[in-house]
Amino acid sequence: MASGGGGCSASERLPPPFPGMDPESEGAAGGSEPEAGDSDTEGEDIFTGAAAASKPQSPKKTTSLFPIKNGSKENGIHEEQDQEPQDLFADATVELSLDSTQNNQKTMPGKTLIPHPTQEATNSPKPQPSYEELEEEEQEDQFDLTVGITDPEKIGDGMNAYVAYKVTTQTSLPMFRSRQFAVKRRFSDFLGLYEKLSEKHSQNGFIVPPPPEKSLIGMTKVKVGKEDSSSAEFLEKRRAALERYLQRIVNHPTMLQDPDVREFLEKEELPRAVGTQALSGAGLLKMFNKATDAVSKMTIKMNESDIWFEEKLQEVECEEQRLRKLHAVVETLVNHRKELALNTALFAKSLAMLGSSEDNTALSRALSQLAEVEEKIEQLHQEQANNDFFLLAELLSDYIRLLAIVRAAFDQRMKTWQRWQDAQATLQKKRESEARLLWANKPDKLQQAKDEITEWESRVTQYERDFERISTVVRKEVTRFEKEKSKDFKNHVIKYLETLLHSQQQLAKYWEAFLPEARAIS
C-alpha cells in the first residue's frame, strides 16, 4: 500500500523486479519517471486505478508494473488493435505473479484481467436484494403439503348439533409424524385456528388468510331442518370454503411453521374454541375493538416516507371496491342461471305433455325428443350455475376478505409508526423536564429524570426498529399476496372458461342430434 508520507518518490515505492523478468521488461516497468510535483497524485492513481481511466486527455506518463508492448500509448488508454488492456489494479496485492498474468494474457486475448479485491472493496457493503428477489428465493422452497376436507357429518340433534369435517393431510415434510393422516374438525375449530394465528402474526404485519364467514341462517337450517337439497348445498359451499382457507394457511411458509397449525392438522382432539360465536361476549368485544380501531385510524395522520406504501394502499382499496361490484354482478348471474335452469325444466315438462297428446306421430315423437333435449339443457344450466358460483363468485368472495386483511396489515404498520412517534414526543417532554430541573437546581429529582430519559430513549430505538421490521414484512407479504392472487385468478379463470366451452359444445351436440327429428316431421 502507498505510504502516507509526501516525500517518497514513485521509484522508491516500486517493488523489486520479479524472477525471470527480462531486461526489456524491467526497463519498461521502471524506465518512465513521473513528473516532479506529481509523485503523490500519480502514486495514488496507480494503486486505485481511478485517475488513469477517467482522464484520457492527461499527457502525464504513468508507471506500469507489468511489461507492455511497444505500440502502447503512455496516457493510460490503449488501442484494442495493438495490445491487450492494462490492469492497474493488479499491483494492489502480491498474490498475482507476473508469469500467471502473462499466461492469462496469452490464453485470454481481448479480456480484461480480473484483479483480487482490495481491502476497500472487500469492506464495502453488499447491495441488499430486492423484495422481489427475496420472494423468488422463498418460492424456491416448495412445500409438499396438500390438505383436503371431505365427509361433512352432522353430529347431535337440535340446536346443540354441529357438523364435523374430515381433514386429510398428505405431505413429505419431516416435521409431521407420517406422510398421510386425517382428523375430525368442526367449524369453530377453524375459527379458533384463525384467532390464534391472527393474534400472533397480524401485529407483525403478516397476512393471515381469513376463514369463511359465519352463516346463522344456513347452520340453523342444517341443525333443525331435514336433509334436503338446500342443506346439502350449504354444507358443500362451506366445505369448499374451508378447504381453500386451510390450503392458503399451509401454503404460507410462516404459518406452516406455527405449532398451532401442526397441532390442528395432527392432534386427534382439540380443546373447544371459545369466543368464536357471533353473539358471545368475546364476539361483541371484538366488534367494539374493530369500531375503536376504525375511529383511531381516522385520527392518525401519517407522514409517509415511502411512496410505495401510499400507492399500494390506494391500489388495494380501489381493487376491493371493484371486486365487491363484480361479486354482486356474478351473484346476480348465478341466480339468473338457476332461474334459467328451473324455467328450462318447466319448459321440458310442458313439451312432454304436449307430445303425449299429439295425434301426429312424427310431431309427437319430435316434441318428445325436444323435451328430452331441454331436460339435458336444464342440467347444463344447473352445472354452469354451480361453476359460476364455485369458480368465480367464491374466488371473488375470498379475495374481498383477503384484501380486507391486507388493509389491516397497512393499518398495523400505521399503528406501529404512531407508537414510535408518541414515544419520541414523550422523550422530548422528558428532556424538557430535565432541563427545567437543571435550571431550578433540583438534584434530588434529576437522577430520576435521567433514568426516565434513558428508558424512553431505548423505547424510541426499539419502536423505530419495530416500524422498520413491520415495513419490511408488509412489503414482502404484499408482494407474495399479489403473486398468489395472479396465479389463483389465472387457474380459476382457465377452469371457468373450460366449463363454458364444454357447456357450449354439449349444447351444440344436443341440437345437432335433434335436427334430423325436426326435419322428419311430415
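Quick reminder: no glycine exception, Cβ is built from N, Cα and C everywhere.
Note on Swiss-Prot: of 281-298, 335-352, 389-406, the range annotated with the feature region 'Membrane-binding amphipathic helix' is 281-298. Feature annotation from Swiss-Prot across S172, S188, S305 places phosphoserine at S188. When the residues S32, S198, S202, S458 are compared with Swiss-Prot, the one annotated as phosphoserine is S32. Distance from the CA of K237 (N6-acetyllysine) to the CA of S188 (phosphoserine) is 16 Å.
Secondary structure from DSSP puts S188 (phosphoserine) in a helix. Counting only same-chain residues six or more apart in sequence, the Cβ atoms lying under 8 angstroms from the Cβ of K237 (N6-acetyllysine) belong to F389, F390, E394.
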